[in-house]
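A.B. asks: Let me begin by handing over the structure; questions about it come next.
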Amino acid sequence: MEHTYQYAWVIPLLPLPVIMSMGFGLFLVPTATKNLRRIWAFPSVLLLSIAMVFSVHLSIQQINGSSIYQYLWSWTVNNDFSLEFGYLIDPLTSIMLILITTVGILVLIYSDDYMSHDEGYLRFFVYISFFNTSMLGLVTSSNLIQIYFFWELVGMCSYLLIGFWFTRPIAASACQKAFVTNRVGDFGLLLGILGFFWITGSLEFRDLFKIANNWIPNNEINSLLTILCAFLLFLGAVAKSAQFPLHVWLPDAMEGPTPISALIHAATMVAAGIFLIARLLPLFISLPLIMSFISLIGTLTLFLGATLALAQRDIKRSLAYSTMSQLGYMMLALGIGSYQAALFHLITHAYSKALLFLGSGSVIHSMEPLVGYSPDKSQNMVLMGGLRKYIPITRTCFLWGTLSLCGIPPLACFWSKDEILSNSWLYSPFFGIIASFTAGLTAFYMFRIYLLTFDGYLRVHFQNYSSTKEDSLYSISLWGKRISKGVNRDFVLSTAKSGVSFFSQNLSKIHVNTGNRIGSFSTSLGTKNTFVYPHEPGNTMLFPLLILLLCTLFIGSIGIHFDNEIGELTILSKWLTPSINFFQESSNSSINSYEFITNAISSVSLAIFGLFIAYMFYGSAYSFFQNLDLINSFVKGGPKKYFFHQLKKKIYSWSYNRGYIDIFYTRTFTLGIRGLTELTQFFDKGVIDGITNGVGLASFCIGEEIKYVGGGRISSYLFFFLCYVSVFLFFFLS
């Protein structure tokens, strides 16, 4: 056992050989390396699989009750200062190791087929393998300075992958947005680390937790300074985990390839912020003000993310706001001290969200032959619908992932979300109300995504191409170059100016028999157009979906309570028992059957109500409800109907425009900073340069005058002599 722990440092380094091999291959024999590029996927998956085996072995030992293991190397800079670095294996580390390696392996397998036709295939695998290495290094770090080092590497890899198709201006802009937004949080994190080093003289977790347990309660250190430094640490997690108000980068990060979206949202970048708060939770617990602030930010984020997802048309962007909302649940759980519930939801959400993102990648892959490679079309749910007939395996996987995120038992997210809701009600009714209401919203917008994508009919064949922009005749290839679309313009929709209602009246107004006429039609000129239909992706892309489906079905069992001779336990609570975090889970985590059933009924009822409302407005039964004039039967009379319409319009506008937060940031910060730079430029050019140029010009003019006076003319000498005498006499006589 001890022998296994001694070699745990190998886990983060295992993916590095294939990264270096690809780099040397591209440098020394680029042609051969590119021709054999598909071969590099196998060693990438193999090495990460070895890391997964190590991680599983360590996790089994942690579950069986092993103690915490920490190994440190010391680098002595001088007699007064030494830098320690090493690795730490505890329950939190083992959980994150399994999460990163399992999801990472499945994403690599999926990417081999998804990115097979991309010119940047090797570059993608280098980035994603280094991404996994950086995240593995982050979770095994034993002190804050190591965490910050790998924190920056994780951010760097995410920026490279978000802007992977850098020839597309919108992808380059999304990369810059993610970089600038995270710079705010990373700068705060660095200041917080330096602040605690100044307070304690150490960056080790043991020393920080010792101070949190002993010094802070006894007022032996400046509490105000400690709160400020803790807030700065939390600021880093706010940016990395897309919490309000630094969440604006996450939806734009969808400009990267879909596999990396799955990895970022499931097990790497956004999970890093949750991991940081979980790792430092003993420090934050000693500061009640910071804990209250964490729970407040989490509550705002979970509600905001849910409302912004209500009216999005892009399937990946909708899932991105869903991730933002679920991260808010985790942050809320950590803020109220529900450590186990937060980690439980981190696990269940990771597998469910990876399933949904990879499923959306299969949907996009199937739509590209119809609409081209432009993300504005291939990811637009307005053009989808009826895909259950063409990609049934993807549809089944996506449906189970959707139901899991909605909180339907016995799927994974039901168990973790129900635990968070129960603890929220016990901590504060305010948090409980918002968290429960958002659970209903989650069911609504997630089932909306499913219905718009898979239910009804394939709408792309029944839309008129109405764009007048020249760019609409072009599509974006897999590697970002503009190419002419080989798609019939009679059934391609440009949605740049078309309005889609919050409740999709415009999506189902089609005769019931039109579905039988799909196939071909003749235009007025007599030309016959044959439609292209979506198709299921290859087995390489379907295999990760099926594995993630199994995880979504059964991973929730680790949090199900079982009775033993001592009391109620779960596999997860047994796993987390020997924790370095020096605190115990609150007693309310162990609940009786009646309380569990009561909480479950209320949360499932909210989820089912959200599903019903979504099906009522977006399902195939919408035409039936519309014929019954069901809405108008509830909203009779002019004023009430007008109020309902205006409310619906306001909600749609709020959601579709991202809560106007991006607009506010653009006008306040972007335009404000631009105006300040223009003012600075004017001051620099007009005042500073004016003074400098004025001095030079004045010197030149004076020199010319002196030169003219000293030219040997007697009249000039007499004139200046009389002037000097006059001035002298004036001052002398006065």
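Think of each number as a place in line: the chain as shown, counted from 1.
From the backbone N, Cα and C atoms, a Cβ is placed for every residue, glycine too.
Straight from Swiss-Prot, here's the annotation block:
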| type | residues | note |
| --- | --- | --- |
| TRANSMEM | 9-29 | transmembrane segment |
| TRANSMEM | 39-59 | transmembrane segment |
| TRANSMEM | 125-145 | transmembrane segment |
| TRANSMEM | 147-167 | transmembrane segment |
| TRANSMEM | 185-205 | transmembrane segment |
| TRANSMEM | 224-244 | transmembrane segment |
| TRANSMEM | 280-300 | transmembrane segment |
| TRANSMEM | 327-347 | transmembrane segment |
| TRANSMEM | 354-374 | transmembrane segment |
| TRANSMEM | 396-416 | transmembrane segment |
| TRANSMEM | 425-445 | transmembrane segment |
| TRANSMEM | 714-734 | transmembrane segment |
A.B. asks: Taking 185-205, 280-300, 354-374, 425-445 as candidates, which has the most Cβ pairs under 8 Å with the transmembrane segment (396-416)?
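C.D. replies: When the Cβ pairs under 8 Å are tallied, 354-374 comes out ahead.
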A.B. asks: Please report, as numbers and ranges, the same-chain residues at least 6 past the borders of the transmembrane segment (327-347) whose CB is under 8 Å from any CB of it.
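C.D. replies: Residues 92, 95, 99, 237, 241-244, 270-271, 273-274, 277-278, 281, 284-285, 291-305, 412-413, 415-417, 419-420, 423-424, 427-428, 431, 435, 555, 558-559, 572-573, 576, 581, 583, 585-586, 589 contact the transmembrane segment (327-347) from elsewhere in the chain.
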A.B. asks: Kindly say whether the transmembrane segment (125-145) and the transmembrane segment (714-734) touch, using the definition of 3 or more Cβ pairs under 8 Å where each pair is 6 or more positions apart.
C.D. replies: no
A.B. asks: Between the transmembrane segment (224-244) and the transmembrane segment (185-205), are there three or more C-beta pairs closer than 8 Å, counting only pairs 6 or more apart along the chain?
C.D. replies: yes
